[in-house]
């Protein structure tokens, strides 16, 4: 009975101990939840500060965008005014070129009339000289008559050639002037086309920039909304998870309490029954063994004291172990807490770092775009300066062409006089060259014919040698085949003689026989 009470007290202490541990765990979880709420509050504050900074940044970005838009408007207005001024200057240059062309055409018509009069006078003089030459040559006969006929035909051909050259020269000058005019027209058209293309590219580039910036702003807005939405969803899921966990823990605790109460009632009932039976037995034993009871009580007392001592020792050791385990658990919780806090700080740091990196990337991207626009504007200004320099060079070339044209006209007149002096000399030299050329041509034909004959004979000899080599090669091939067949037939048991081969393999005479040896 005493042992039963001791065990009962032990179980009671165990229950109290478990209850204290449970309460301790509850307090620990409550502290953990409090820390979690504190972290959540700090996280919300950080997000609010970040949102505020984002709004400030967007506000500054919108202000910069408005400033860039005003700058682009000013630049477009300046470009429009510059294009109008350039168009006015181009029209003035076109009018000046038109007046210059009119003066050039008038001057060319005057010069053409003068040259036509000069050619008419030259033809008249030639006719006079021809009449004198004809009267002089009428007195000549024989070879001189033939030479005079040749000279007459040569002079006619020369006159025709000279006329053709003069006509060709005039036409060439006309085509050259026309070509230069068309070239200038095409150059102006290309310039206007390049200007239109440049304006179109500028408009398209500005449009693409606006669309890109709009897309970036839209992407940033959607990204912020997505982060907020994900944040709300995570918070809701976290809250729902916490609520379900709490409800589950409450249900388990309630079941555990109910089960413990039921067990407690059963133990109490059993204990009462046991005590009742024990008392009854005790009374009977007490009446029967009065004397032995003292001894038993004494022994029991000693035993109890011993057990109590052992129990005290055991409880002491157990308390020591429990304290040690508690210290270990506390250390473990502290390590876990430090680890969670470290992970939380690491996550916050990574998140902040990623956000900074995205901001830096966006700033770099905007800076690259801004530099690209600056470079494009600088290139546009450089192209404009280059066009101005090209126009200046065009004016200089126009002046130089006019100067060269005047020089060429003087040189043509001088050459015309020089050609007139040298025509007779060239005619004599030409006849001499033609005679030498005919002689040379005859000699070359004879040499060519001789060379072709030698080459033809050489090719014939080469073909003959090739046919001979081919016959030798075929003969060697046939001999090799006969030798192979001879060896094969020898192996198969055939014999040799010098008669005609009657097998279907060879053609002609060979040394093989198709008779099978006995």
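The count begins at 1 with the first shown residue.
Using the three backbone atoms N, Cα and C, a Cβ is placed for every residue, glycine included.
Some features that TrEMBL has for this protein:
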COMPBIAS  1-127  compositional bias 'Basic and acidic residues'
REGION    1-480  region 'Disordered'
COMPBIAS  135-223  compositional bias 'Basic and acidic residues'
COMPBIAS  232-360  compositional bias 'Basic and acidic residues'
COMPBIAS  361-372  compositional bias 'Basic residues'
COMPBIAS  373-480  compositional bias 'Basic and acidic residues'
Quiz item: Residues of the same chain, at least six outside the compositional bias 'Basic residues' (361-372), with any C-beta under 8 angstroms of its C-beta?
Solution: 209, 212, 216, 220
Quiz item: Residue counts in helix (H, G, I), strand (E, B) and coil for the compositional bias 'Basic and acidic residues' (1-127), per DSSP?
Solution: 126 helix, 0 strand, 1 coil
Self-check item: the compositional bias 'Basic and acidic residues' (373-480): DSSP-derived helix, strand, coil residue counts
Solution: 108 helix, 0 strand, 0 coil
